[in-house]
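To start, the structure under review is shown below, and the notes come after it.
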């Protein structure tokens, strides 16, 4: 897994009262315990305490249901922002049990580096990024239900197509065959990206419904324009870069919590 240069914006401000308020510019997102940011704040308060009231604002920039870890990254950002804002706990590692409770992908977003994720995703081993660092992201405007994707794979497990070359490849996404059978748009988009000049890799992100292509240099506006002409105005299309740091190889593993 690798963090990219796209994401939501989270703001936290303190006030003297005891209240914790949350607002989001996307009215479709739930509030309260059904929202990962609210759950993250509640877990932090229960574990470490809060000495002041908070106002939390979430500006959504990633589409919901895109398979990009938007909710998980927001939850991790809330934990990290609270630690930075309040000055405790002393170590980022103290947030790991909370992150694992919130969801399988949340521990990865605490690391903020490319990483190999094992188990359910909660065992995070930072790794240097060796592959292409720039890409184009396509989201069709509809989600792929994650439970359905994993259930469909469990019924008819088969490997996805291997793509890429050493030292960073080959890689594959085993959910692609079952998802592409039902959602032809995603298969067409993956193949379209792979056919573009200079593309090193094209894959589905997680269980969908976003697909991405990778290049050695950042794709120019002409590629995004052609993608919009091909896929239509409903598609969400963005260029991005992978956030990578060679120092990631010097970071310790974050182990799964025990007990």
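For all residues, glycine too, the Cβ spot is worked out from N, Cα and C.
Under the heading domain 'GHMP kinase N-terminal', TrEMBL lists 35-111.
Among the features that TrEMBL reports, ATP binding site is placed at 63, 64, 65, 66, 67, 68, 69, 70, 71, 72, 73. Residue 69 (ATP binding site) has a Cβ environment of 24 other Cβ atoms inside 10 Å.
Annotation comment: TrEMBL describes 105 as active site. Within 10 Å of the C-beta of residue 105 (active site) we count 22 further C-beta atoms, all protein chains included. Secondary structure at residue 105 (active site), as computed by DSSP, is coil.
Residues or ranges marked as domain 'GHMP kinase C-terminal' in TrEMBL: 173-225.
Note on the domain 'GHMP kinase N-terminal' (35-111): mean pLDDT across this stretch is 93.
Other residues of the chain with a Cβ within 8 Å of the Cβ centroid of 63, 64, 65, 66, 67, 68, 69, 70, 71, 72, 73, the ATP site, are 62. With a cut-off of 8 Å between CB atoms and residues at least 6 apart in sequence, the same chain places 143, 144, 146, 204, 205, 206, 207, 208, 209, 210 near residue 67 (ATP binding site), listed in sequence order. Between the C-alpha atoms of residue 63 (ATP binding site) and residue 105 (active site), the distance comes to 17 Å.
When Cβ atoms from all protein chains are considered, those within 10 Å of residue 71 (ATP binding site) total 20, not counting its own. Around the Cβ of residue 73 (ATP binding site), the same chain contributes 3, 7, 8, 105, 109, each under 8 angstroms and 6 or more positions distant in sequence.
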